[in-house]
Amino acid sequence: MSADSPLSVAVTGAGGRMGREVIAAAADREGVTVAVAVNRSPVDPVAGVAVEDADRLDDLLASERPDVLIDFTGPDSAVAYAEACAGAGVPLVTGTTGFADGQIEGLRAASDAVPVLKASNFARGVAALRRAVREAAAALPGYDVELTETHHNAKRDAPSGTAGSILDDVEEVREDLDERVHGREGDAPRSAGEIGVHARRAGDVTGEHEVLLAGNRETLELTHRAGDRGVFAEGALDAAAWLAGRDAGWYGFADVLDAGAAADGAANE
Ligand SMILES: NC(=O)C1=CN([C@@H]2O[C@H](COP(=O)(O)OP(=O)(O)OC[C@H]3O[C@@H](n4cnc5c(N)ncnc54)[C@H](OP(=O)(O)O)[C@@H]3O)[C@@H](O)[C@H]2O)C=CC1
Ligand SMILES: O=C(O)C1=N[C@H](C(=O)O)C[C@H](O)C1
């Protein structure tokens, strides 16, 4: 299915901050329809789309046959919705964060039956930040690395899923850094293998991630700030359009962006 093909999506967590944003972004995008929208607790229609009880999801997937389900909810529900997708043969895009390791296994099990794309952040700028951080951390051996993320005061999981992805990236290229230290208090001198992790929660901040690298009398700061949640919703719709019709398997947002870059490259040849 190409990015221009018609796309019908199901949205879980339709009454949540991101669910509402996805429905609004779908309404703005030509050829995209929201065939199913569900929420755990009752909510009024969102952008003119009726929101059904989440308990009806299996029936709705069977009757409406959406091309992709887009999920921004909570870890338990995302795993349950992945099972529903696997049962109904519907590809899944999930941006939910805060999974425990065992829950990721639940998502991966669904990817045996259907394509599953999981991303901790659907902003293109964060994908670029992650590449820049990997490059900088590899190029600056021995430098200290500290990560600070800031989010709105209603965010549940800490540190953010994006922070976790960035930490995985740093640890991959800097094997000497293998201890995540979450904040510091008291007599807490820094040891060489630490990556400090700081989670701030305040007001209505959409999402900020800053990586500080310091050593050799210099500092480098790499920062991404999301201006609004539409950035994530648009990325999730791009991912949904890319995922529809693919083989079962486990995918990430980088697969979507790499495919776009390859297509742009071919067009420029
Ligand atoms: N990957 C990315 O780019 C982004 C990821 N996120 C992630 O998306 C998730 C949702 O964020 P946000 O929209 O701000 O959160 P909200 O709390 O605003 O919305 C969550 C929604 O999911 C529903 N929900 C939560 N838990 C369950 C459950 N156990 N079963 C069924 N429904 C559930 C809620 O329903 P109810 O109202 O009934 O409780 C609500 O509608 C978080 O994990 C967040 O970190 C957020 C932004 C971007
Ligand atoms: O909960 C949020 O709001 C966000 N969650 C994601 C995360 O945990 O990384 C992505 C984004 O930063 C917003």
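Each residue, glycine too, has its Cβ placed from N, Cα and C.
There are 25 other Cβ atoms within 10 Å of the Cβ belonging to His151 (active site, proton donor/acceptor). Residues annotated as active site, proton donor/acceptor in TrEMBL: His151.
According to TrEMBL, the active site, proton donor annotation covers Lys155. Cβ environment of Lys155 (active site, proton donor): Arg201 lie under 8 Å away, each six or more residues apart in the same chain.
The Cβ of Arg17 (NAD(+) binding site) has 14 other Cβ atoms within 10 Å, all protein chains considered. Taken from TrEMBL, the feature NAD(+) binding site covers Gly13, Ala14, Gly15, Gly16, Arg17, Met18, Gly95, Thr96, Thr97, Ala119, Ser120, Asn121, Phe122.
According to DSSP, Arg40 (NADP(+) binding site) is assigned to coil rather than to any helix or strand. Remark: Arg40 (NADP(+) binding site) has Gly13, Asp53, Ala54, Thr73, Ser77 as non-local neighbours, by Cβ distance under 8 Å and separation of at least 6 in sequence. For Arg40, the entry in TrEMBL reads NADP(+) binding site.
For His152, Gly161, Thr162, the entry in TrEMBL reads (S)-2,3,4,5-tetrahydrodipicolinate binding site. Secondary structure at Thr162 ((S)-2,3,4,5-tetrahydrodipicolinate binding site), taken from DSSP and collapsed to helix, strand or coil, is helix.
The average pLDDT for the domain 'Dihydrodipicolinate reductase N-terminal' (8-122) in the predicted structure is 98. The feature domain 'Dihydrodipicolinate reductase N-terminal' is assigned by TrEMBL to 8-122.
According to TrEMBL, the domain 'Dihydrodipicolinate reductase C-terminal' annotation covers 125-257.
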If we check Cα distances from Thr162 ((S)-2,3,4,5-tetrahydrodipicolinate binding site), which of the recorded positions Gly15, Gly95, Ser120, His151 wins as closest?
Ser120
Which of the recorded positions Gly15, Arg17, Gly95, Ser120, His151 has its Cα closest in space to the Cα of Gly161 ((S)-2,3,4,5-tetrahydrodipicolinate binding site)?
Ser120
One should report the C-alpha separation between His151 (active site, proton donor/acceptor) and Thr97 (NAD(+) binding site), rounded to whole angstrom, as 13
Binding residues Gly13, Ala14, Gly15, Gly16, Arg17, Met18, Gly95, Thr96, Thr97, Ala119, Ser120, Asn121, Phe122 (NAD(+)) - maximum C-alpha distance in whole Å:
20
